[in-house]
Amino acid sequence: MTGSPLTAAALLIAAIATVVIGSWGVRLSRTTSDFLVASRSVGPRWNAAAISGEYLSAASFLGVAGLIAKYGADALWYPVGFTAGYLGLLLFVAAPLRRSGAYTVPDFAEFRLGSARLRKVAMLVVVIICVFYLAPQYQGAGLALKTLLGMPVWTGPVLVGAIVITNVVGGGMRSITFVQAFQYWLKLTAIAIPALALLGLFVTDRGELGGPLPPSVDRETTVQVETDVVVQVVDPSGITMTGLLDGKTVRDATFGAPGEHTIGAGTSLTLAAGAATPVVAGTPSTGSEWIVSGGGLGGGHPLYQVISIIVATFLGTMGLPHVLVRFYTNRDGRAARRTALAVIALLSFFYLFPTLLGVFSRLYVPQLLITGTADAAVLLAPGSAIGGALGQMLAALVAAGAIAAFLATSSGLLVSIAGALATDVMRGRVRDFRIAAVIGGVIPIPLSLLVADLELSRTVGLAFAVAASTLCPLLVLGIWWRGLTATGAACGLIVGGLACGSAVLVEITGGIDENVLGGWPAVMVGYPAAVSVPVAFATMIMVSRFTRATPNVAQIFARMHVPERLGMGVERLPEGR
């Protein structure tokens, strides 16, 4: 193992604090209701911090900054969509969902449409979404431990999985509420202080972001290329390499001429101080290209990419099971709305800092642009830019925040998986919840290794796309349209899930050649939400038009939309102990 002892200590302290705080909640967890919805006793402030803690995942802590460093202004749509999604939750979902009295998304499906079969379909969708979303959390853990400590990439998923399973098995929802609330403030501190430190350095140095030149290194830098990569070279002077260049074995060679070049795996590049950094082909190579919007996130059809990102992140938030289940822990619909409003404020404040770190990473760790592994920018930028003891302290603080990001989101996702499996596949007892948590925590580990080459925000964006194509239409139409039927909802879940899920599987197993049919198949597979979400909504509406609606729909709508003080609400509590 390599890396700073201070960084290793910070990671260890963050992990121990997570287990200790979680064990505090274990003492209060006794019934199935405690494990699933914390007995619906969580106040808005605690819940808002807990939701923010679990929502700010690896994609938020590492991925957003990495995408901004790599692609520039167009990557800002990710944090905008991640935050704006809670506005949709506030306006359309939070209060009616809480008033329904349900304790999981599948339970809401059965309550609204009276179909046990639909409940099973919804349960399967919940598990698939959570597994897709757990994979990038484990992926981020592997990246962090490899970058900071030089550990094998598989150790991150295994260690984070073990800690999360321990917490969830011990205390369920009540336990992780305390953990996630603590971890929001830890993540905010861990990313705000380094971002402000780099802002001070930038102001002092009077750096330039939007100039006509590519980013350059300020000291001699060596970069090891681990996978084949095509780079765009603007100025080849000051760069030498040993390894494979354009298919030929070279030693202490130069690029020769500007343009695109292929660097083979195992190649070592040395950049002299002041040398312009090559960037991955398809990304902005100069500051003037990077700072303006319109270029997309690599590949063709940038407008379609942006539209699909907005659809996936905005609507996907309304369909994330681990987010929705937290609104079941509020006392009533009014508290759920107050929680959603507080979450918007907390997220808006947080996302200022990954944006700053992404901007400054392009200046202070531009060598990451050569390999495209910009997700590591947050981990490396503070120590690289500032150096010395202060730089090591900032790097250790970032490391603690990173491990908190993986643990908080993974905990919420695992509770959703365990809750769905325990109540819909097993008998709903506490023992069943614990068994399901172990199973659900282990399954995503091999998947996280499969998606290791994708950017974190891209991987998470695919999970958002699946949620937007399945549970979002179910909730929006189920809450606001009386004509939705069980058959229509089931068909929409299946069609939307297959359309988006198939695209996700193709993307994570290699994608489609961008030269086929003008690049449209490739971009639609990489960013499927703009197609799959309308298809899912249309399927639910069209099939519902030709099938019979639930007979007691008026009473159900009254329960969801009439304030609790009028006495219409009835709690649906899980059976089993």
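Each Cβ is built from the backbone N, Cα and C atoms, and glycine gets one as well.
Keep in mind the model is a prediction, meaning the values are calculated, not measured.
According to TrEMBL, the features are:
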| type | residues | note |
| --- | --- | --- |
| TRANSMEM | 6-26 | transmembrane segment |
| TRANSMEM | 46-69 | transmembrane segment |
| TRANSMEM | 75-97 | transmembrane segment |
| TRANSMEM | 118-136 | transmembrane segment |
| TRANSMEM | 148-172 | transmembrane segment |
| TRANSMEM | 184-203 | transmembrane segment |
| TRANSMEM | 340-360 | transmembrane segment |
| TRANSMEM | 394-421 | transmembrane segment |
| TRANSMEM | 433-454 | transmembrane segment |
| TRANSMEM | 460-481 | transmembrane segment |
| TRANSMEM | 488-508 | transmembrane segment |
| TRANSMEM | 520-543 | transmembrane segment |
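Away from its own ends, the transmembrane segment (118-136) comes close to residues 57-59, 63, 104-107, 109-110, 319-322, 409-410, 413-414, 416-417, 420-421, 424-425, 440-441, 443-444, 447-448, 450-451, 456, 459-460, 462-463, 466-467, 470-471, 474, 486, 489-490, 493-494, 497, 501, 504 of its chain (Cβ-Cβ under 8 Å, at least six residues beyond either end).
When Cβ-Cβ distances below 8 Å are used as the criterion, the transmembrane segment (46-69) is approached by residues 75-76, 78-79, 82, 133, 136-137, 139-141, 143-144, 176-177, 179-185, 187, 191, 297, 320, 322-323, 326-327, 329-330, 335, 338-339, 342-343, 346-347, 350-351, 354-355, 357-359, 361-362, 365, 368-369, 374-379, 401-402, 404-406, 408-409, 411-413, 455-461 of the same chain, each at least six residues removed from its ends. The stretches the transmembrane segment (394-421) and the transmembrane segment (184-203) meet in space: the count of Cβ pairs below 8 angstroms, excluding pairs fewer than 6 apart in sequence, reaches at least three. Within its own chain, the transmembrane segment (184-203) is flanked in space by residues 14, 17, 49-50, 52-53, 56, 61, 346, 349-350, 352-354, 356-357, 360, 363-364, 378, 381-382, 385-386, 390, 394, 397-398, 400-402, 404-405, 408, which lie at least six positions past its ends and keep a Cβ under 8 Å from the stretch. A contact between the transmembrane segment (520-543) and the transmembrane segment (75-97) is absent, since fewer than 3 of their C-beta pairs, 6 or more residues apart, lie under 8 Å. Sequence-distant contacts of the transmembrane segment (488-508) (same chain, at least 6 residues past either end, Cβ-Cβ under 8 Å): 109, 113, 115, 117-118, 121-122, 125, 128, 132, 450-451, 454, 459, 462, 465-466, 468-471, 473-474, 477-478, 524-526, 528-529, 531-533, 535-537, 539-545, 547.
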